[in-house]
Amino acid sequence: SCHSLLLDCTKVFFPKLIMEEVSPTMLSSPSNHTLLNTATFILLGVPGLEAAHLWLAVPLSAMYSVALLGNIIIVTVIWTDSALHEPMYHFLCVLAAVDIVMSTSVTPKMLNIFWSGNGIIGFTACFTQMYIVHATTAIETGLLLAMAFDRYIAICKPLHYQTILTPRTMMGMGMAIITRAITAMTPMTWMVVHLPYCASHVVPHSYCEHMAVAKLACGDHMPSNLYSLIVSFIIVGTDVFFIATSYSLILQAVFSLPSQDARVKALSTCGSHVSVMVLFYLPGILSIYMAWLGQHVVPLHTQVLLADFYLVLPPMLNPLIYGLKTKHIRKQVDKHELGSQGVYTLMGEMSWVQDIYREN
């Protein structure tokens with residue numbers, strides 16, 4: 001037809017101005033368009049649950065507000081209180097900042113989709129969001145490992161804490177975490193950016209998730225998907241192994257305590273920390289492998305909800321578990337005077353840490 005011939009000529013002579021037809025159902029906005037410039041993607045939110053978008057927006061807004069407020073409080077308290085300028089709190093401060101960046105990179109756009117149905121996002125914004133999400137998650141898993149190492153030194157080798165975790169060592173660990181994230185995630189984003197997108201630009205997701213976007217490419221996206229799978233397996237697998245090793249050694253030290261009360265407190269504290277790590281790692285791992293298996297195995301809306309949960313819930317829980325359960329930070333939030341400083345304060349002056357310190 002003449003219309004098809006015109007589109008073919010446009011693709012040949014004006015590739016930058018290609019216009020693609022979009023079904024009105026692809027945009028759940030009152031002002032649906034039939035044409036969309038290829039310099040944009042369309043995020044669908046949670047495919048199959050469009051009718052529930054408003055209901056999803058309510059808990060998401062609450063979780064994001066709690067995450068933002070909690071992490072801002074943690075950063076502010078640690079930054080302004082010189083008594084908290086210790087390795088443990090430095091890691092916690094950076095973790096809170098990373099949580100703010102990670103959740104803010106996706107949640108406002110998600111809420112825009114859920115509230116108004118406007119899922120249009122530019123190419124640059126989409127790939128920037130993708131890079132930030134993957135880089136911050138890689139940084140966060142490195143920080144969780146660093147914090148587990150910090151606890152291991154504080155509990156199992158308390159007399160050597162100050163000589164092992166020096167400012168220079170802390171700086172080196174931080175640079176290594178950031179360098180690893182950038183080195184691992186830059187090639188993946190580069191591969192996706194350079195794929196040709198000449199067909200549908202409708203992303204069946206709430207944000208620019210790597211595999212969801214890569215599958216829209218006209219070219220071969222398998223190298224990018226394989227790279228993502230292998231890199232995530234190496235980074236997460238390595239970090240989880242060393243975190244598990246650290247906590248195993250910590251538990252050995254805890255169970256050697258003569259006090260039953262100290263053991264109960266230690267298990268309670270370690271259990272809450274491990275719970276946060278499980279909530280961070282498990283949804284992320286499942287999300288990656290579910291996307292790899294495809295929606296014929298796992299429903300698409302389940303994959304998307306799990307991926308959304310993975311980016312919003314840990315930033316909300318981290319300040320509650322790591323921050324407000326720490327005695328010094330809680331006192332500062334409540335505007336009380338700070339207690340004693342030193343090695344005991346590194347774990348929030350928890351009595352079970354003091355018992356271990358005395359044993360050693």
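From the backbone N, Cα and C atoms, a Cβ is placed for every residue, glycine too.
Where the annotation comes from TrEMBL, it is an automatic prediction and has not been curated.
Taken from TrEMBL, the feature domain 'G-protein coupled receptors family 1 profile' covers 70-322.
The annotation transmembrane segment is assigned in TrEMBL to 62-79 (among others). Tertiary neighbourhood of the transmembrane segment (62-79): same-chain residues 85, 89-90, 92-93, 96-97, 99-100, 103-104, 107, 111, 312-313, 315-316, 318-320, 322-324, 329, 332-333, selected by CB-CB distance under 8 Å and a gap of 6+ residues from either end.
Outside the transmembrane segment (91-111), and at least 6 residues removed from its termini, the chain residues within Cβ reach (under 8 Å) are 43, 45, 57, 60-61, 64, 67-68, 70-72, 74-75, 78-79, 121, 129, 132-133, 136-137, 139-140, 143-144, 146-147, 150, 174, 206-207, 308, 311-312, 314-315, 318-319, 322-323, 326. Annotation comment: TrEMBL describes 91-111 (among others) as transmembrane segment.
TrEMBL lists 131-149 (among others) with the feature transmembrane segment.
What TrEMBL records for 170-193 (among others) is transmembrane segment.
Sequence-distant neighbours of the transmembrane segment (226-250) (same chain, 6+ residues past either end, Cβ-Cβ under 8 Å): 138, 141-142, 144-145, 148-149, 151-152, 155-156, 180, 184-185, 187-188, 191, 210-211, 266, 270, 274, 277, 281, 284-285, 288, 292. The transmembrane segment feature in TrEMBL is assigned to 226-250 (among others).
What TrEMBL records for 271-292 (among others) is transmembrane segment.
The annotation transmembrane segment is assigned in TrEMBL to 304-324 (among others).
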Selected stretch (most C-beta pairs under 8 A with the transmembrane segment (170-193)) from 131-149, 271-292, 304-324: 131-149
Mean of the pLDDT scores, which run from 0 to 100, over the domain 'G-protein coupled receptors family 1 profile' (70-322): 85
